[in-house]
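Below: one structure, written as C-alpha coordinates.
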Amino acid sequence: GKMWKIKYPNRAERYDRGCCHSCLHYVLDYETPKTLVIQSKAVGFVFRFTQLLVILYVVGYVCVVQKGYQETDSVISTVTTKVKGFAYSNTSDLEHRFWDVADYVIPPQGDHSFFVLTNIIVTPNQTQSRCPELPTPSSICTADCDCTEGHSDPRSNGIQTGLCVNYSDTQQTCEVLRWCVISHVHAMLAAAENFTVLIKNSVTYPKFKFHRRNIMPQINSSYLRRCEFNRITDPDCPIFRLKHIVSEAGEDFQSMAVKGGVLGILIDWSCDLDWWAGKCYPKYSFQRLDNKNPNNSVAPGYNFRFARYYKTPDGEETRTLIKGYGIRFDVIVFGTVRPE
(Lines of atoms letter the chains of each structure in order from A and count residues from 1; the text may use other names and numbers.)
(Lines give C-alpha, C1' and ligand atoms only; values in the text may rest on other atoms or scores of the structure.)
Protein backbone atom coordinates (compact mmCIF):
# COMPACT_ATOMS: atom_id res chain seq x y z
CA GLY A 1 0.00 0.00 0.00
CA LYS A 2 0.77 3.70 -0.08
CA MET A 3 2.66 5.15 2.85
CA TRP A 4 1.13 8.31 4.48
CA LYS A 5 3.35 10.70 6.26
CA ILE A 6 1.67 12.42 9.20
CA LYS A 7 2.91 15.94 9.81
CA TYR A 8 2.52 17.28 13.34
CA PRO A 9 2.51 21.08 13.91
CA ASN A 10 5.63 22.37 15.49
CA ARG A 11 5.71 24.43 18.68
CA ALA A 12 5.60 27.83 16.89
CA GLU A 13 2.50 26.85 14.92
CA ARG A 14 0.74 25.60 18.07
CA TYR A 15 1.55 28.90 19.85
CA ASP A 16 0.18 30.99 16.94
CA ARG A 17 -3.05 29.00 16.88
CA GLY A 18 -3.43 29.35 20.68
CA CYS A 19 -2.96 33.12 20.53
CA CYS A 20 -5.51 33.49 17.74
CA HIS A 21 -7.98 31.36 19.63
CA SER A 22 -7.52 33.43 22.84
CA CYS A 23 -7.88 36.72 20.99
CA LEU A 24 -11.00 35.48 19.28
CA HIS A 25 -12.53 34.52 22.60
CA TYR A 26 -11.57 37.89 24.11
CA VAL A 27 -13.25 39.80 21.27
CA LEU A 28 -16.39 37.72 20.84
CA ASP A 29 -17.10 36.51 24.38
CA TYR A 30 -19.83 38.35 26.31
CA GLU A 31 -19.76 38.60 30.08
CA THR A 32 -22.67 39.41 32.35
CA PRO A 33 -22.52 39.95 36.13
CA LYS A 34 -24.18 37.48 38.36
CA THR A 35 -26.42 38.90 41.06
CA LEU A 36 -26.47 37.12 44.38
CA VAL A 37 -29.40 37.90 46.64
CA ILE A 38 -28.63 37.32 50.32
CA GLN A 39 -31.65 36.89 52.55
CA SER A 40 -30.11 38.48 55.66
CA LYS A 41 -31.51 41.41 57.61
CA ALA A 42 -28.13 42.16 59.24
CA VAL A 43 -26.23 42.35 55.94
CA GLY A 44 -29.03 44.40 54.36
CA PHE A 45 -29.06 46.85 57.28
CA VAL A 46 -25.29 47.39 57.10
CA PHE A 47 -25.47 47.93 53.33
CA ARG A 48 -28.33 50.45 53.48
CA PHE A 49 -26.81 52.24 56.51
CA THR A 50 -23.53 52.68 54.62
CA GLN A 51 -25.42 54.14 51.66
CA LEU A 52 -27.24 56.53 53.99
CA LEU A 53 -23.97 57.74 55.53
CA VAL A 54 -22.50 58.48 52.09
CA ILE A 55 -25.63 60.42 51.05
CA LEU A 56 -25.69 62.42 54.30
CA TYR A 57 -22.00 63.28 53.94
CA VAL A 58 -22.31 64.44 50.32
CA VAL A 59 -25.60 66.31 50.68
CA GLY A 60 -25.49 67.43 54.31
CA TYR A 61 -21.81 68.26 54.91
CA VAL A 62 -20.25 68.90 51.50
CA CYS A 63 -23.21 70.74 49.92
CA VAL A 64 -25.09 72.32 52.85
CA VAL A 65 -22.43 72.92 55.52
CA GLN A 66 -19.28 73.45 53.44
CA LYS A 67 -21.12 74.90 50.41
CA GLY A 68 -18.95 72.76 48.16
CA TYR A 69 -20.99 73.74 45.13
CA GLN A 70 -20.13 77.46 45.56
CA GLU A 71 -17.16 79.52 44.45
CA THR A 72 -15.28 81.53 47.08
CA ASP A 73 -13.18 84.69 47.02
CA SER A 74 -10.67 86.14 49.50
CA VAL A 75 -10.89 89.65 50.86
CA ILE A 76 -8.91 92.71 49.74
CA SER A 77 -8.89 95.28 52.51
CA THR A 78 -7.79 98.78 53.46
CA VAL A 79 -7.66 100.17 57.01
CA THR A 80 -7.24 103.67 58.43
CA THR A 81 -7.24 104.59 62.13
CA LYS A 82 -7.67 107.76 64.17
CA VAL A 83 -6.74 107.85 67.88
CA LYS A 84 -8.19 110.44 70.26
CA GLY A 85 -7.50 111.31 73.89
CA PHE A 86 -5.06 113.21 76.07
CA ALA A 87 -2.85 112.48 79.08
CA TYR A 88 -0.99 114.43 81.76
CA SER A 89 2.38 113.65 83.37
CA ASN A 90 4.32 115.33 86.18
CA THR A 91 8.06 114.53 86.49
CA SER A 92 11.09 116.57 87.45
CA ASP A 93 12.49 116.78 83.91
CA LEU A 94 9.26 116.82 81.91
CA GLU A 95 7.56 119.19 84.38
CA HIS A 96 3.80 119.36 84.06
CA ARG A 97 3.43 117.85 80.61
CA PHE A 98 0.22 117.65 78.60
CA TRP A 99 0.19 114.90 75.96
CA ASP A 100 -2.15 114.83 72.97
CA VAL A 101 -2.38 112.57 69.93
CA ALA A 102 0.56 114.31 68.18
CA ASP A 103 2.81 113.33 71.12
CA TYR A 104 1.89 109.72 71.84
CA VAL A 105 0.89 108.23 68.43
CA ILE A 106 4.20 107.40 66.70
CA PRO A 107 4.26 107.50 63.70
CA PRO A 108 1.06 109.44 62.96
CA GLN A 109 0.02 106.91 60.29
CA GLY A 110 0.91 103.23 60.04
CA ASP A 111 0.21 100.40 57.60
CA HIS A 112 -2.75 98.54 59.16
CA SER A 113 -1.37 99.35 62.63
CA PHE A 114 -0.93 102.16 65.14
CA PHE A 115 1.33 102.63 68.15
CA VAL A 116 0.33 104.34 71.41
CA LEU A 117 3.07 105.53 73.76
CA THR A 118 2.34 104.42 77.36
CA ASN A 119 5.67 104.74 79.22
CA ILE A 120 8.95 106.54 78.60
CA ILE A 121 12.53 106.77 79.87
CA VAL A 122 13.88 110.27 79.29
CA THR A 123 17.53 111.26 78.94
CA PRO A 124 17.44 115.09 78.72
CA ASN A 125 20.04 117.69 77.73
CA GLN A 126 22.44 115.40 75.88
CA THR A 127 25.40 116.90 74.01
CA GLN A 128 28.11 115.29 71.90
CA SER A 129 31.12 114.94 74.19
CA ARG A 130 33.25 112.38 76.07
CA CYS A 131 31.88 110.33 78.95
CA PRO A 132 32.20 106.88 80.53
CA GLU A 133 30.60 103.96 78.71
CA LEU A 134 27.87 102.02 80.47
CA PRO A 135 29.37 99.01 82.30
CA THR A 136 29.48 95.90 80.12
CA PRO A 137 31.97 93.00 79.97
CA SER A 138 33.70 94.70 77.02
CA SER A 139 33.79 98.24 78.51
CA ILE A 140 34.92 97.60 82.11
CA CYS A 141 38.61 98.46 82.51
CA THR A 142 41.37 99.01 85.08
CA ALA A 143 43.93 100.92 82.93
CA ASP A 144 44.14 102.78 79.62
CA CYS A 145 45.67 99.71 77.96
CA ASP A 146 42.30 97.96 78.33
CA CYS A 147 40.71 100.49 75.96
CA THR A 148 41.43 100.86 72.25
CA GLU A 149 41.22 104.29 70.62
CA GLY A 150 38.74 104.27 67.73
CA HIS A 151 37.22 100.94 68.71
CA SER A 152 33.45 100.58 68.52
CA ASP A 153 31.14 97.70 69.26
CA PRO A 154 27.56 97.30 67.93
CA ARG A 155 26.41 96.80 71.54
CA SER A 156 28.19 99.92 72.83
CA ASN A 157 26.99 103.53 72.81
CA GLY A 158 29.97 105.29 71.24
CA ILE A 159 33.59 105.19 69.99
CA GLN A 160 36.36 104.56 72.53
CA THR A 161 38.92 107.31 73.09
CA GLY A 162 41.58 104.99 74.56
CA LEU A 163 41.19 106.27 78.15
CA CYS A 164 39.94 104.36 81.20
CA VAL A 165 37.89 106.70 83.42
CA ASN A 166 35.72 106.48 86.53
CA TYR A 167 32.13 105.47 85.88
CA SER A 168 31.35 105.50 89.59
CA ASP A 169 33.23 105.49 92.89
CA THR A 170 33.78 101.75 92.60
CA GLN A 171 33.93 101.06 88.85
CA GLN A 172 35.88 102.21 85.80
CA THR A 173 34.87 101.94 82.14
CA CYS A 174 36.36 102.99 78.82
CA GLU A 175 35.69 106.58 77.85
CA VAL A 176 33.67 107.00 74.63
CA LEU A 177 32.71 109.80 72.28
CA ARG A 178 28.90 109.86 72.30
CA TRP A 179 25.77 111.78 73.24
CA CYS A 180 26.48 112.29 76.91
CA VAL A 181 24.79 112.78 80.27
CA ILE A 182 22.71 109.86 81.40
CA SER A 183 19.73 110.68 83.57
CA HIS A 184 16.83 108.24 83.39
CA VAL A 185 13.35 109.41 84.31
CA HIS A 186 10.17 107.35 84.01
CA ALA A 187 6.90 109.00 83.01
CA MET A 188 3.95 106.64 83.00
CA LEU A 189 0.99 107.69 80.83
CA ALA A 190 -1.67 105.91 82.86
CA ALA A 191 -4.50 107.82 81.19
CA ALA A 192 -3.74 106.12 77.86
CA GLU A 193 -6.21 103.36 78.74
CA ASN A 194 -9.06 105.82 78.11
CA PHE A 195 -7.89 106.78 74.63
CA THR A 196 -10.24 105.76 71.82
CA VAL A 197 -9.56 104.69 68.25
CA LEU A 198 -11.82 104.97 65.22
CA ILE A 199 -11.17 102.10 62.78
CA LYS A 200 -12.35 102.60 59.21
CA ASN A 201 -12.21 99.38 57.20
CA SER A 202 -13.28 98.86 53.59
CA VAL A 203 -13.29 95.40 51.99
CA THR A 204 -13.70 94.18 48.42
CA TYR A 205 -14.28 90.75 46.93
CA PRO A 206 -13.25 91.44 43.30
CA LYS A 207 -14.50 88.14 41.84
CA PHE A 208 -18.08 88.92 42.86
CA LYS A 209 -17.84 92.75 42.80
CA PHE A 210 -18.96 92.84 46.42
CA HIS A 211 -18.01 95.84 48.59
CA ARG A 212 -18.58 96.61 52.26
CA ARG A 213 -17.49 99.08 54.98
CA ASN A 214 -17.45 98.51 58.72
CA ILE A 215 -19.31 101.83 59.03
CA MET A 216 -22.78 100.55 58.17
CA PRO A 217 -25.25 102.55 56.02
CA GLN A 218 -27.53 103.12 59.01
CA ILE A 219 -24.74 104.81 61.03
CA ASN A 220 -24.89 108.61 60.90
CA SER A 221 -22.47 111.26 62.16
CA SER A 222 -24.58 111.93 65.26
CA TYR A 223 -24.39 108.30 66.35
CA LEU A 224 -20.68 108.13 65.53
CA ARG A 225 -19.90 111.06 67.86
CA ARG A 226 -21.42 109.35 70.91
CA CYS A 227 -21.08 105.59 70.36
CA GLU A 228 -18.46 103.19 71.70
CA PHE A 229 -18.08 99.53 70.75
CA ASN A 230 -19.97 97.16 73.03
CA ARG A 231 -20.80 93.60 72.01
CA ILE A 232 -24.31 93.86 73.46
CA THR A 233 -25.44 97.48 73.10
CA ASP A 234 -23.29 98.80 70.21
CA PRO A 235 -21.80 95.89 68.22
CA ASP A 236 -21.64 97.96 65.00
CA CYS A 237 -19.82 100.99 66.45
CA PRO A 238 -16.30 101.30 64.93
CA ILE A 239 -14.92 103.30 67.90
CA PHE A 240 -13.01 101.27 70.50
CA ARG A 241 -11.66 102.21 73.93
CA LEU A 242 -8.08 100.92 74.30
CA LYS A 243 -8.71 99.59 77.80
CA HIS A 244 -11.57 97.42 76.52
CA ILE A 245 -9.47 96.08 73.61
CA VAL A 246 -6.73 94.99 76.01
CA SER A 247 -9.25 93.58 78.47
CA GLU A 248 -10.99 91.46 75.82
CA ALA A 249 -7.58 90.07 74.86
CA GLY A 250 -7.25 88.82 78.45
CA GLU A 251 -4.65 91.40 79.53
CA ASP A 252 -4.45 94.23 82.08
CA PHE A 253 -3.75 97.60 80.44
CA GLN A 254 -1.70 99.13 83.29
CA SER A 255 0.53 96.04 83.54
CA MET A 256 1.05 95.87 79.80
CA ALA A 257 1.73 99.62 79.53
CA VAL A 258 4.94 99.43 81.58
CA LYS A 259 6.93 97.32 79.08
CA GLY A 260 4.60 97.47 76.07
CA GLY A 261 3.43 94.73 73.75
CA VAL A 262 1.60 93.91 70.52
CA LEU A 263 -2.17 93.39 70.28
CA GLY A 264 -4.19 92.19 67.32
CA ILE A 265 -7.57 93.63 66.36
CA LEU A 266 -9.04 90.87 64.19
CA ILE A 267 -11.87 91.69 61.75
CA ASP A 268 -13.58 88.67 60.19
CA TRP A 269 -15.55 89.33 56.99
CA SER A 270 -16.67 85.75 56.26
CA CYS A 271 -20.12 86.03 54.62
CA ASP A 272 -22.58 83.73 52.85
CA LEU A 273 -24.53 85.57 50.16
CA ASP A 274 -27.01 82.71 49.83
CA TRP A 275 -28.81 84.74 52.44
CA TRP A 276 -29.49 88.47 52.33
CA ALA A 277 -26.25 90.35 51.48
CA GLY A 278 -27.19 93.08 53.95
CA LYS A 279 -26.51 90.59 56.74
CA CYS A 280 -22.79 90.64 55.96
CA TYR A 281 -21.31 92.29 59.06
CA PRO A 282 -17.75 92.36 60.42
CA LYS A 283 -17.01 90.27 63.51
CA TYR A 284 -14.40 91.71 65.89
CA SER A 285 -12.06 89.83 68.20
CA PHE A 286 -8.89 90.78 70.09
CA GLN A 287 -5.73 88.84 70.88
CA ARG A 288 -2.24 89.49 72.22
CA LEU A 289 0.27 88.69 69.47
CA ASP A 290 3.69 89.00 71.10
CA ASN A 291 4.98 86.18 73.26
CA LYS A 292 4.34 86.75 76.95
CA ASN A 293 6.15 83.89 78.67
CA PRO A 294 6.49 84.29 82.45
CA ASN A 295 9.37 81.80 82.43
CA ASN A 296 11.39 83.87 79.95
CA SER A 297 11.72 87.58 80.78
CA VAL A 298 14.43 88.34 78.20
CA ALA A 299 13.59 91.36 75.97
CA PRO A 300 9.96 91.70 77.04
CA GLY A 301 7.35 94.02 75.56
CA TYR A 302 7.76 96.56 72.76
CA ASN A 303 9.96 99.67 72.76
CA PHE A 304 12.13 101.91 70.59
CA ARG A 305 14.20 105.12 70.90
CA PHE A 306 13.68 108.52 69.31
CA ALA A 307 15.10 111.99 69.94
CA ARG A 308 14.03 115.63 70.09
CA TYR A 309 16.76 118.08 69.00
CA TYR A 310 17.31 121.67 70.22
CA LYS A 311 19.95 124.39 70.09
CA THR A 312 21.19 126.24 73.14
CA PRO A 313 21.50 130.10 73.08
CA ASP A 314 25.20 129.74 72.26
CA GLY A 315 24.41 127.51 69.26
CA GLU A 316 25.34 124.12 70.74
CA GLU A 317 23.13 121.26 69.59
CA THR A 318 21.46 119.27 72.36
CA ARG A 319 18.85 116.57 72.35
CA THR A 320 16.43 114.77 74.63
CA LEU A 321 16.60 111.02 74.08
CA ILE A 322 13.37 109.16 74.74
CA LYS A 323 13.04 105.41 75.06
CA GLY A 324 9.37 104.81 74.43
CA TYR A 325 7.37 101.83 75.60
CA GLY A 326 3.89 101.28 74.28
CA ILE A 327 1.32 99.04 72.71
CA ARG A 328 1.24 98.43 68.99
CA PHE A 329 -2.20 97.55 67.67
CA ASP A 330 -2.20 95.51 64.45
CA VAL A 331 -5.50 95.48 62.54
CA ILE A 332 -5.79 92.10 60.81
CA VAL A 333 -8.59 91.67 58.26
CA PHE A 334 -9.50 88.26 56.85
CA GLY A 335 -12.45 86.30 55.51
CA THR A 336 -14.04 84.66 52.48
CA VAL A 337 -17.35 85.29 50.76
CA ARG A 338 -19.66 82.85 49.01
CA PRO A 339 -21.91 84.12 46.21
CA GLU A 340 -25.68 83.91 45.89
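Here the Cβ of each residue, glycine as well, is placed from N, Cα and C on the backbone.
Per TrEMBL, the cysteine from CYS131, CYS141, CYS227 that shares a disulfide bond with CYS180 is CYS131. For CYS147, the disulfide partner recorded in TrEMBL among CYS145, CYS174 is CYS174. If you go by TrEMBL, CYS280 shares a disulfide bond with CYS271, out of CYS237, CYS271. Checking the candidates CYS145, CYS164 against TrEMBL, the cysteine paired with CYS141 through a disulfide bond is CYS164. Per TrEMBL, the cysteine from CYS145, CYS237 that shares a disulfide bond with CYS227 is CYS237. Using Cα positions, the member of the disulfide-bonded residues CYS131, CYS141, CYS164, CYS271 nearest to LYS323 (ATP binding site) is identified as CYS131. Cα separation, CYS180 (disulfide bond) to LYS82 (ATP binding site), rounded: 37 Å.
In this structure the residues listed as binding ATP are LYS82, VAL83, LYS84, THR196, ASN303, PHE304, ARG305, LYS323; their two most distant Cα atoms lie 24 Å apart. Around CYS237 (disulfide bond), the same-chain residues at least 6 positions away in sequence with a Cβ under 8 Å from its Cβ are ILE219, TYR223, LEU224, CYS227, GLU228, PHE229, ASN230. In this structure, the disulfide-bonded residues under consideration are CYS147, CYS280, and the one with the smallest number of other Cβ atoms within 10 Å of its Cβ is CYS280. Under the three-state DSSP scheme, CYS237 (disulfide bond) falls in the coil class.
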